[in-house]
């Protein structure tokens, strides 16, 4: 697929048809969805038969990538399979590529550490002053470095508040209100301008090198320059959109942690494609993938500019081993169970060549 990047409009909307389909899934009952056969689930044999094996990620590559995040992880036991669907051969799917212990480490780095960096903008920054935790170098002795400035250092009923920039418009928010429902995203590296849909020209904050090392080992064709970490609670959604603000067509990486999410994706030209123009083995107009904790997708080729969104997060699907996070090793006990009701999605891209 050849794409003229200058012709892509970040403000363009999906077709009315795609929006209507997305909306129907967002409103559908979870149990009904799980039974009606609409979901493309690689763990269901009848659905898995529609997918094609694209290759594997060698176990040695995975082990090398995990080592960037810390020591002590078990070596990857086997190569990780990669799949695609004929509708979108450039949408590469990596089921269960991130083991649970590595998932926990990623959560700690992204939420304890990176969320606590003032240069990393969040959806809260527009209207609120964030109560960052300031600690002296001697504080937190014996505590992991990634945890020392975590917002979870405040208890859920802490008197600390997110103070509004304009008290006439917004009310102060408690730590529990923000961490449970009001925090929706944080950006790493390049800080995207959501109003103008562009990346600023000034030098961005440094992308976390350990996370970058992991990603670039497993997905070597994409340099990790910018990311958005999405915080979903069941009931939250992401509208259909295309990622077209980058000045390169390098692939997008997406990692899922926590509750399962339904990921809807459709070719960018699907509304213009007649049935005769579609590949003979493709009857679908879109995919509705069930992405589980530890799954990754890599959007390249024609899928790089495909319409995609998240119509539903499936309540009650967080792996049991993650449910209690961030409570572990005697820390953050008052927040035990926070992750049980969350889906964290790390979306990574290269801004420029």
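If you go along the chain as it appears here, the first residue is 1 and each next one adds 1.
Glycine is no exception: its Cβ is also placed from the backbone N, Cα and C atoms.
Sequence-distant neighbours of residue 308 (Fe cation binding site): residues of the same chain at least 6 apart with a C-beta under 8 Å from its C-beta are 240, 241, 242, 263, 264, 265, 266, 299. Annotation source Swiss-Prot lists Fe cation binding site at 241, 243, 308, citing sequence analysis.
According to Swiss-Prot, the feature 2-oxoglutarate binding site maps to 343, an assignment based on sequence analysis. The DSSP secondary structure for residue 343 (2-oxoglutarate binding site) is strand.
Per Swiss-Prot, the feature domain 'Fe2OG dioxygenase' maps to 223-352.
Taking the centroid of the Cβ atoms of 241, 243, 308 as the Fe cation site, the other same-chain residues with Cβ within 8 Å of it are 240, 242, 306, 307, 309. According to its DSSP assignment, residue 243 (Fe cation binding site) is coil. Spatially close to residue 343 (2-oxoglutarate binding site) yet at least six residues away along the chain are 230, 231, 232, 233, 256, 257, 258, 259, 260, 261, 313, 318, judged by Cβ distances under 8 angstroms. Least packed by the Cβ count within 10 Å, out of the binding-site residues 241, 243, is 241.
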